[in-house]
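The structure appears right after this line, and notes come after that.
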Amino acid sequence: MSWDVSLQCQPVAANFGVGMSVGVAASAILSGKANLLYITLSSGVIMYNKWVLSPKYFNFPLPITLTMIHMGFSGFVAFVLIRVFKVVSPVKMTFEIYATCVIPISAFFAASLWFGNTAYLFISVAFIQMLKALMPVATFLMAVLCGTDKLRCDLFLNMLLVSFGVVISSYGEIHFNVVGTVYQVTGIFAEALRLVLTQVLLQKKGLTLNPITSLYYIAPCSFVFLFVPWYLLEMPGIEVSQIRFNFWIFFSNALCALALNFSIFLVIGRTSAVTIRVAGVLKDWILISLSTVIFPESAITKLNIIGYAVALCGVVMYNYLKANDVRSSQSPGDSERTAKDLRSSNMYGLDDNSNNGMGGKNARSGSHLEVVIDEDVPFIPASKGLLSRSKPS
């Protein structure tokens with residue numbers, strides 16, 4: 001009898017093993033496609049913005065206007081999806097939460113986009129990507145100032161390494177421009193402060209926004225903040241000069257930016273935080289290489305490459321140290337629960353048990369959250385991963 005049972009169980013076990021292998025392979029293929037989509041869209045949006053804004057190409061040197069087009073389009077699409085098609089439900093947004101959370105976050109978000117897009121007028125795409133290696137430094141400094149992280153010797157030395165690499169890269173830049181560099185670095189610190197405020201303000205209130213609801217609340221408010229500098233700095237120039245305006249170019253440009261915003265959440269739902277970081281590094285190198293071909297003025301030197309490589313080593317070490325912090329502070333039960341949450345999360349990286357984005361499982365349990373950073377998308381709320389430290393339970 002036992003012999004018969006074993007004969008019956010062997011095909012079942014074999015089929016189960018085959019099914020598991022097929023499932024893993026399918027998951028790997030989907031993960032690869034999601035990362036390829038993210039790399040393509042992120043690189044495309046950056047080079048598209050450069051092409052539109054640069055006086056040498058499409059010649060639309062109005063970065064605030066372009067950013068407002070992005071915000072207006074994103075807010076309109078989010079409104080249609082929520083109010084007309086009812087794809088998702090709006091969160092329970094009170095006036096207090098909007099005034100104390102959404103408005104300050106939108107202000108720094110608008111500033112980061114304004115300064116970042118303005119930098120395209122003065123410096124190359126390749127050099128901008130090299131300067132963006134400063135993002136962990138800016139985020140760490142802002143987190144320390146806001147009290148969400150502690151100043152540690154190992155992290156501080158790591159930040160010095162990143163900064164040293166960026167200095168080397170800047171020294172090797174052939175077409176170094178002080179104004180463009182200041183714009184880009186200011187935008188990086190504004191984005192870092194926005195990320196920290198997102199953690200401090202939204203997460204403490206248990207508010208979780210998916211990509212549609214985040215655009216629904218953040219984009220219109222950012223549009224209003226951008227209107228003031230637009231009215232003072234760009235509107236007079238639009239009135240007195242002949243500005244090229246092509247509907248299909250601006251529509252496709254805004255559509256690409258919106259698609260990039262959604263693709264990041266697709267990547268979050270399909271891959272791990274480490275894979276996202278690797279994809280980001282790969283995207284930066286691809287973008288630097290492509291930009292030198294598409295924009296001949298974006299010449300890079302050996303010092304550029306050496307400095308950027310040093311900075312990336314510091315960024316990788318920073319991610320490694322923060323990952324160790326997360327693992328060491330989690331109990332085995334927390335680790336299993338976090339892994340289960342990641343596997344069961346939807347495309348937005350949010351738990352299925354979340355109630356209209358308000359106080360989902362992670363918000364209640366105080367598990368570790370991550371801010372996935374890509375400054376080229378309209379808005380990225382908090383998700384799971386490696387960088388941020390956990391809030392005390």
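Even glycines carry a Cβ here, placed using N, Cα and C.
Going by TrEMBL, these are the annotated features:
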TRANSMEM  12-29  transmembrane segment
DOMAIN    39-319  domain 'Sugar phosphate transporter'
TRANSMEM  64-85  transmembrane segment
TRANSMEM  97-115  transmembrane segment
TRANSMEM  121-143  transmembrane segment
TRANSMEM  155-176  transmembrane segment
TRANSMEM  214-233  transmembrane segment
TRANSMEM  245-268  transmembrane segment
TRANSMEM  305-321  transmembrane segment
Closest-packing stretch to the transmembrane segment (245-268), where packing means Cβ pairs under 8 Å, from 64-85, 121-143, 305-321: 64-85
Interface present between the transmembrane segment (155-176) and the transmembrane segment (305-321) (three or more C-beta pairs under 8 A): yes
Considering the transmembrane segment (97-115), which listed stretch of 64-85, 121-143, 155-176, 214-233 counts the most C-beta pairs under 8 Å: 214-233
Residue numbers, six or more beyond the limits of the transmembrane segment (64-85), whose CB comes under 8 Å of its CB atoms: 49, 52-53, 110, 113-114, 117-118, 212-213, 215-216, 219-220, 222-223, 226-227, 229-230, 233-234, 238, 250-251, 253-255, 257-258, 261, 378-379
Intrachain residues whose Cβ lies under 8 Å of the transmembrane segment (214-233), provided they are six or more past its termini: 64-65, 67-68, 71-72, 74-75, 77-79, 82, 90-91, 93, 98, 102-103, 105-107, 109-111, 113-114, 258, 261, 378-381
